[in-house]
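J.: Annotation comment: Swiss-Prot describes 173-445 as domain 'ABC transporter 1', evidence class sequence analysis. If you look up Swiss-Prot, you'll see 523-735 marked as domain 'ABC transmembrane type-2 1'. Taken from Swiss-Prot, the feature transmembrane segment applies to 541-561, 575-595, 628-648, 659-679, 685-705, 712-732, 769-789, 1191-1211, 1272-1292, 1306-1326, 1336-1356, 1364-1384 (among others). Per Swiss-Prot, domain 'ABC transporter 2' is recorded for 847-1099, and the stated evidence type is sequence analysis. Summarising the annotation, Swiss-Prot assigns domain 'ABC transmembrane type-2 2' to 1172-1386.
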Amino acid sequence: MAQLVGSDEIESFRMDLAEIGRSLRSSFRGQSSSFRSNSALSASQKDDAVDEENMLAWAAIERLPTFDRLRSSLFEEINGNDANVKRKRVTDVTKLGALERHVFIEKMIKHIEHDNLQLLHKIRKRIDKVGVELPTVEVRYKNLTIEAECELVHGKPLPTLWNSLKSITMNLARLPGLQSELAKIKILNDVSGVIKPGRMTLLLGPPGCGKTSLLKALSGNLDKSLKVSGEISYNGYKLEEFVPQKTSAYVSQNDLHIPEMTVRETLDYSSRFQGVGSRAEIMTDLSRREKEAGVVPDPDIDTYMKAISIEGQKKNLQTDYILKILGLDICADTLVGDAMRRGISGGQKKRLTTGELIVGPIKALFMDEISNGLDSSTTYQIVACLQQLAHITDATILVSLLQPAPETFDLFDDIILMAEGKILYHGPRNSALEFFESCGFKCPERKGVADFLQEVTSKKDQAQYWHGTKETYKFVSVDMLSRKFKESPYRKKLNEELSVPYDNSRSHRNSITFRDYSLPKWELFRACMSREFLLMKRNSFIYIFKTVQLAIIASITMTVFLRTRMDTDLVHANYYLGALFYALIILLVDGFPELSMTITRLAVFYKQSELCFYPAWAYTIPATILKIPLSLLESVIWASMTYYVIGFSPEAGRFFRQLLLLFAVHMTSISMFRFLASVCRTIVASTAAGGLSILFVLCFSGFIIPRPSMPIWLKWGFWISPLTYGEIGLAVNEFLAPRWQKTLPTNTSIGNEVLESRGLNFDGYFYWISVCALFGFTILFNIGFTLALTFLKAPGSRAIISTDKYSQIEGSSDSIDKADAAENSKATMDSHERAGRMVLPFEPLSLVFQDVQYYVDTPAAMTELGFTQKRLQLLSDITGALRPGILTALMGVSGAGKTTLLDVLAGRKTTGYVEGEIKVGGYPKVQETFARVSGYCEQTDIHSPQITVEESVIFSAWLRLHPQIDSKTKYEFVKEVIETIELDGIKGMLVGMPGVSGLSTEQRKRLTIAVELVANPSIIFMDEPTTGLDARSAAIVMRAVKNVADTGRTIVCTIHQPSIDIFEAFDELILLKTGGRMIYWGHLGRNSCKMIEYFEGISCVPKIKNNHNPATWMLEVTSTSSEADISIDFAEVYKNSALHKNNEELVKKLSFPPAGSKDLHFPTRFSQNGWGQFKTCFWKQYWSYWRSPSYNLMRSLHMLFASLVSGLLFWDKGKKLDNQQSVFSVFGAMFTAVIFCGINNSSSVLPYVTTERSVLYRERFAGMYASWAYALAQVAIEIPYLLAQALAFTVITYPMIGYYWSAYKVFWYFYSMFCTLLYFTYLGMMLVSMTPSFPVAAILQSSFYTMFNLFAGFLMPKAQIPKWWIWFYYLTPTSWTLNGMLTSQYGDIEKEITVFQEKKTVAAFLGDYFGFHHNQLPIVAFVLIAYPLVFASLFAFFIGKLNFQRR
């Protein structure tokens, strides 16, 4: 396919259009005069009448005021009666319906590349006709250098607990000699250039060369922690002088979107936030000039231009246009989805990322690897549209691509080639080869120029391109190439341009944006409010679940604190206080899920905030306002269900005052947790902070320990705890009521006595002070939430580098390059030899599939659009075979069903309905045995983040290789695979989280392949193994894959953008079309001759051009638009072909087992025995935990903080027992420690296990281990960490509180706490295993916490719990913990104390009031260790039986 648009072609095309128009008008006049028949006359009269109507309508528009005229156009009526009559009506373009917008865009753009070109040409012609000037942006960068600070460490640069603790200590100490060693690494090194308007520039270079940093720097999105020198300017303005984020856009390589929104909604809101920019002013100027000149525009072009120029539209015609040209119209109403929620494909997400920015009015685009996951045909189509945008509208576009096909490469005007932070070439595309020929390198025939440019800088690939005749080859380093470029005429020309300052007077006034945001404040607020409301509707399940859960807890609470069982006396006053305090706990903890819900949205917020879509306040205020009705609803439910049933004071006014206070508490709670999430910004840190906050506000609320009993130096905590005011307000409201005014013998009322004993003796007006204080806290937290999002950026981590690696980087000079080059040819040969030696014993197997169909239940969105079928078919009549030693490519456009077919064949589908026959080696496929002989490289690279590359491969080898292979051979094989896939240079790196830390996209992809290859499978499925890789990395991977296939293995790969070399490395091709139908299966042949011969044999299919990539040509000629153009269904053509008949014969032959063969059978389901599985899983968990400071260090620090707070707050109260209140205080110390240290551990483990669960699903599908082995390892690795926590708690709190010293009592204290931490942690694991997502697990967890609080025996002692709930008391683990702690400490103490105005021993009081008896401690000890065993067993059961991954 030739280049679509050049400047000469544009001018020629304009002249042709004018000539065609004149000819058509002349022809029309001639033909009109020649027709004399009645029917023709009638038709002519009808057309004339319509034309006259249209002209009258346009005249009416012209008479309208300017505001209305700019919103009105002639819009073609959708008339089903007479399609030939093009009657138009005056329409307000802001009120076009969804159907009208759809029909309009379908009419304007049928064939995307051609019709989009026509549309842009017509727009430009209209603009030029009246002399309106378009804004343009020229971007210059001069001597740009970017440096990053890295922390130097000795040994492996891994974030272990020890390294993290040492770093924290050093940063806190700030002592000379203790500060971290820092090193500066150059990311970009003195680069200069000009990105010109009206030209397409391609940015090439290997991963890690600085492409992303350059794009971010030029677009003004660079991280503030990086040191930047040099100058960047737009039209002569420096970056500090305007708002670069509104003048240009950076399209990230990471696809971050809100999963609950549809594709259309994502683009609609993006369009709304970005505004219309200069379009409105251009349209106003254009309309005025046309009116003055008497020019009547094309009605369709007028409609389109007006529709996209009006600000603040909720539904925009521009969205429909972008959906169409990006091929997203077929999934416009599909949810975006995420890892756990079904949505659009990876390729569609990548296109959505592009569409999200180009839907706006931006004139300068910096696009980072926008083709990852897209087939070459789709990539070509998108880049062609971008080229048209650049050439016709004078946009400035710089695009980074990894593997551009030759046809896509030819669409660009300029090339920038980078390596190691330096620019090796920046100049015209046509001159790139000439420059490298001057350096001694020549691009071979049938080699893509882009692939050549990327490989010529590589040490291992450069030699094959050497063409110097006068001297022998010597490695030409990056520094040498950079110097040669600086001496070239291309760089000299750049220097000349940069030396001449840009004339600001030439800059269009709308080229540069000086406003931070596109919309007025009110419009920003409205847009954010409507989006937040939409997301609340989409997450309605969570809110309904929370509300129902609260109602259930309220019903339990009111039947525990039943009014018929409680009197108005001093004893029962404690129970009423307990009920009030419990209400506060419930509404406080109910806000806890706000943490996770806020955190999950932050990544998208930070992206859109950096793009200046909206300010933080526009995001936070709607989030706050829309929670008010929910908060009010939950408060009403709680108060109305519990108030009168429990038996609080019956006055209606007091009921409403309690309701108001509970509402204020709930608002404070959700505001506080939102604020903590915005400050901490990661789920682990915010969970820890949330736990500490709950601990603090409850301990200082005045209930657990009364204010008079607090140490004097800590009483300030009472006044800054929000819950204090909730406690004061509720207590004053209740105990100053008339029914509590009975006088005691001490001449004080019962109510006043109760308030005074708790330090809550305040006057009635303190209720209103409390309400105001709580709303004040709410406002304060929301202001903090806004400020945190305004000033704190997305979380990152300082890079860590070893001293050895830093020395290597600093010493990388030509001398080192020459030394490395001397070994170059030898290393290349070794690479080929290593690949060929992967010959561990295996059984060659074929895979046959016949008439495979795959259906899913029809999505609700499609049903709403009128789709009547109950099932949606994604694969239709797929028949084929995969054979040993044959490398098969599975191809098709994005969304054709490639991954779906791979999942079906591999047995990875968890939803839907599969029909048809699949056989392995001639025998029906049995998934359990098939998993042992197959490997699956998934499209999403899912790995444990806290282990190294080498450990990931070793883990796979240990569990999947045959047990008879000895350890030495396994290690050698692992080493071989690592070297073959070229991971040896990074084998000590942590895998990390995608897009956050650790490996890059291409390194992660290669690791996925290595993990599967090391299993030595007979059949390997690879889903897009080269996506995200540059040309050289893709060649490395495919060379390794080809060598594996040559050993006799069966391999099938889906592939999107193969170069000619990679495509022709395959032996066979399976090609699917949209709808999951097969249109080709057969041999490729030498130079793809068989495939080309087949398609060229079909009538109307255009012939392939010389040196054209066969893969791109094939996808282009079989695309949906091509099918429509030539009226052919390629699936039907294939079904009726001789090739199909031959293939059916082959399938029949392979469907029967070969003579003497046996069905697959293994004596055991897994390769390793149970002990081997557990040992290997435990080994992985050991390293993962040791390298997870965000998890283990945070919860350990929480334990230290909680222990210190508890020790200080209850300082030396352990032996000072005088009355019942002193016993309650000590019991409160135990209660808070048990509940909140346990809650923190349970909450902290949720995100960790959730992350590892995704890895478990992949590894379980691969048949690596039994679920129980994974679960047991996960459970066992927690024990030493929890042991250390319990020990630290005991060592700190025991002496500070001053308990009785005896080995027996100390041991019981430690044992109770250790068992508590165990069962809380295992509870968190269990909840993750039985729920689909982290937020649901967090909400369900909160209900467990509330029950553990209510039935712990602290708020309501066992003796007072109604008999219909006493079973729940015995079922609650915290009741046994507190029993063990309090009874072991005081159950044998015979000291007399005053209890409710009578004398009793401590032991007797414990027995009478709490029901705790010293002789029952052996039973308590048994029950305490039973709970962790039960929760751990349930975790193992659910993690094995349930699978929430939807595929």
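Positions of Cβ are set from backbone N, Cα and C atoms, glycine also.
Let's see these features in context: how buried, what's close, how far.
T.: Tertiary neighbourhood of the transmembrane segment (541-561): same-chain residues 575-576, 578-579, 582-583, 586, 590, 593, 597, 630, 633-634, 637-638, 641-642, 645-647, 1335-1336, 1339-1340, 1342-1343, 1346-1347, 1350-1351, 1356, 1361-1362, 1364-1365, selected by CB-CB distance under 8 Å and a gap of 6+ residues from either end.
Residues 161, 164-165, 684-685, 688, 691-692, 695-696, 699-700, 705, 710-711, 714, 717, 1185, 1225-1226, 1228-1229, 1232-1233, 1236-1237, 1240-1241, 1244-1245, 1247-1248, 1281, 1284-1285, 1288-1289, 1292-1293, 1296-1298 of the same chain lie 6+ residues outside the transmembrane segment (1191-1211) yet bring a C-beta within less than 8 angstroms of a C-beta in it.
Residues 1174, 1177-1178, 1180-1182, 1185, 1192, 1195-1196, 1199-1200, 1202-1204, 1207, 1233, 1237, 1241, 1245, 1249, 1252, 1306, 1309-1310, 1313-1314, 1317-1318, 1321-1322, 1325, 1432, 1435-1436 of the same chain, all 6+ positions outside the transmembrane segment (1272-1292), place their C-beta atoms under 8 angstroms from a C-beta of that stretch.
Proximity of distant same-chain residues to the transmembrane segment (1306-1326), defined by a Cβ-Cβ separation under 8 Å and at least 6 residues beyond the stretch ends, is recorded for 1233-1234, 1237-1239, 1241-1246, 1249, 1274-1275, 1278-1279, 1282-1283, 1285-1287, 1289-1290, 1294, 1299, 1337, 1341, 1344, 1373-1374, 1377, 1380-1381, 1384-1385, 1417, 1421, 1424-1425, 1427-1428, 1431-1432, 1434-1435, 1438.
A Cβ distance under 8 Å defines the sequence-distant neighbours of the transmembrane segment (1336-1356), meaning residues of its chain 6+ beyond its ends; these are 542, 545-546, 549, 552-553, 556-557, 560-561, 575, 578-579, 581-582, 585-586, 589-590, 592-593, 595-596, 1227-1228, 1231, 1234-1235, 1238-1239, 1242-1243, 1246, 1250, 1323-1324, 1327-1328, 1365, 1368-1369, 1371-1375, 1378-1379, 1410-1411.
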J.: Between the domain 'ABC transmembrane type-2 2' (1172-1386) and the domain 'ABC transporter 2' (847-1099), do 3 or more CB pairs sit under 8 angstroms, pairs being 6 or more residues apart?
T.: yes
J.: Can you tell me which parts of the same chain pack against the transmembrane segment (575-595), counting only residues 6+ beyond its ends and a CB-CB cutoff under 8 A?
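T.: The answer is 542, 546, 550, 553, 557, 561, 566, 634-635, 638, 642, 646, 648, 662, 665-666, 669-674, 676-677, 683, 686-687, 690, 694, 697-698, 701, 703, 723, 726-727, 730-731, 734, 754, 758, 1243, 1335, 1338-1339, 1342, 1345-1346, 1349-1350, 1354-1356, 1360.
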J.: Name the range, of those listed as 659-679, 685-705, 769-789, that has the largest tally of Cβ pairs under 8 Å with the transmembrane segment (712-732).
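T.: Per the Cβ under 8 Å count, 685-705.
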J.: Under 8 angstroms, Cβ to Cβ: which one of 628-648, 659-679, 769-789 has the largest number of such pairs with the transmembrane segment (685-705)?
T.: 659-679
J.: If I take every residue in the domain 'ABC transporter 1' (173-445) and average their pLDDT values, what number comes out?
T.: 88
J.: Go through the chain and flag residues at least 6 beyond the ends of the transmembrane segment (659-679) whose CB is under 8 A from any CB in it; none is fine as an answer.
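T.: Same-chain residues near the transmembrane segment (659-679) but 6 or more away: 583-584, 587-592, 594-595, 598-599, 602, 620, 623-624, 627-628, 631-632, 634-636, 638-640, 643, 686, 689-690, 693, 722-723, 726, 729-730, 733, 767, 770-771, 774-775, 777-778, 781-782, 784-785, 788-789, 792.
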